[in-house]
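Accompanying notes for the structure given below.
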Amino acid sequence: MKQTIVIKIGTSSLTQPESGKLALSTIAALVETLTQLRQLGHRIILVSSGAVGVGCSRLNLKERPKKMAMKQAIAAVGQGRLIRVYDDLFNTLGQPIAQVLLTRRELIERSCYVNASNTFESLLELGVIPIVNENDTVAIEELKFGDNDTLSALVASLIHADWLFLLTDVDRLYSADPRLVPDAKPITLVNSDEFAQLQVKAGDRGSQWGTGGMATKLAAARIATGAGVRTVITHGGKPSNLLKILQGEAIGTQFEPQTRNDSARKRWIAYGLLPTGKLYLDSGAIRAICHQGKSLLAAGIIKVEGQFEASEAVQLCDETGQEMARGIVNYNSLEIDKIKGHHSDEISQILGYGGAETVVHRDNLSVNG
């Protein structure tokens, strides 16, 4: 069966650990595997890190820079070199590619989100493999994805992918870092119920040249599986394993997807937008929005956290602060603070002007899986 597959490869797999130079044999093996998948009829998107690492190597820098402006400059140097290597290798196999550089802004603005989706769809229809990276050179700190694990999960949600492969420097998820804890236990399959209870010492440390660690991969897997995408963590040095996994072999760690039938708009609310505040809700409101498909009314709001404007996204939390849903609000934070706990027919009297009966309409609300 033809499937849509997103593959993310990190800096630790793309580069040699000591020098930061490109690991050309690994990249060549990856290119060969992805071309094989295309020839089998699958739709392929590659999310590739490495621009900053390659830039550092090209400029003979011994460590990754800390300052944002310097990282952006070095990314500009490295991205050109990286995409050229990919193009040369794919070209030898007759496989066309495209470079797609994204910032978080493209996913926050609804029109840009739709345009990005349409562009990916057109590229895939043409048989092209898009190679995606964050546009580090122009991204601002507040609107950065933070790591390409998150970016790959958001792209997988955007294009309704069937699979997301997170290629890393270990063969699967373990109960602790196997490089530090010799008796760490391997984890091969995680269903949605187990994922909610999963407790592993994942750490937050990436490689010298990259930004990701196992913690970011677990966060990405939560996003992707929540959007209905089966997710796999496996070794980036063995790209041929992708074919074996698709054929049913138990390699790496697989995270089973949740069953979701959300509209494209609700996926955008859940994964594209950045929440700018929180609303704490009572149990009745939680039940209404999560289990009865209703809108959020002011009466069910206990507390407002953060400053935000109308039409921005917020997290909808239970009384303990656990996020249960996300939604686009009809009022700003000051207005909601005034009307919280009151019935809808009291809103105009409290504010002195008329407004929506709902704080978040159900069409602008996405419940967590």
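Here the Cβ of each residue, glycine as well, is placed from N, Cα and C on the backbone.
Note that this is a predicted model, so its numbers are computed, not measured.
So that you can see what the record holds, here are the features copied from Swiss-Prot:
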type: BINDING; residues: K8, T168, D169, T211, G212, G213, M214, A215, T216, K217; note: ATP binding site
type: BINDING; residues: S49, D136, N148; note: substrate binding site
type: DOMAIN; residues: 276-354; note: domain 'PUA'
Mean per-residue pLDDT computed across the domain 'PUA' (276-354): 96
Mapped DSSP class for N148 (substrate binding site), helix or strand or coil: helix
Spatially closest candidate among S49, D136, N148, the listed binding-site residues, to T216 (ATP binding site) (Cα to Cα): N148
Subset of binding-site residues (S49, D136, N148) lying within 10 A of K8 (ATP binding site), CA to CA, in sequence order: S49, N148
Binding-site residues compared (S49, N148, T216) - highest count of Cβ atoms within 10 Å: S49
Largest tally of Cβ atoms lying within 10 Å of a Cβ, found at which of the binding-site residues K8, D136, D169, M214: K8
Residues S49, D136, N148 [recorded substrate binders]: greatest CA to CA distance in Å: 11
Rounded to the nearest Å - Cα separation of N148 (substrate binding site) and M214 (ATP binding site): 12
Number of helical, extended and coil residues in the domain 'PUA' (276-354), per DSSP: 27 helix, 21 strand, 31 coil
Residue pair D136 (substrate binding site), D169 (ATP binding site) - Cα distance, angstrom, rounded: 23
Euclidean distance between Cα atoms of S49 (substrate binding site) and D169 (ATP binding site), Å: 13
M214 (ATP binding site) and S49 (substrate binding site), Cα-Cα, nearest whole angstrom: 15
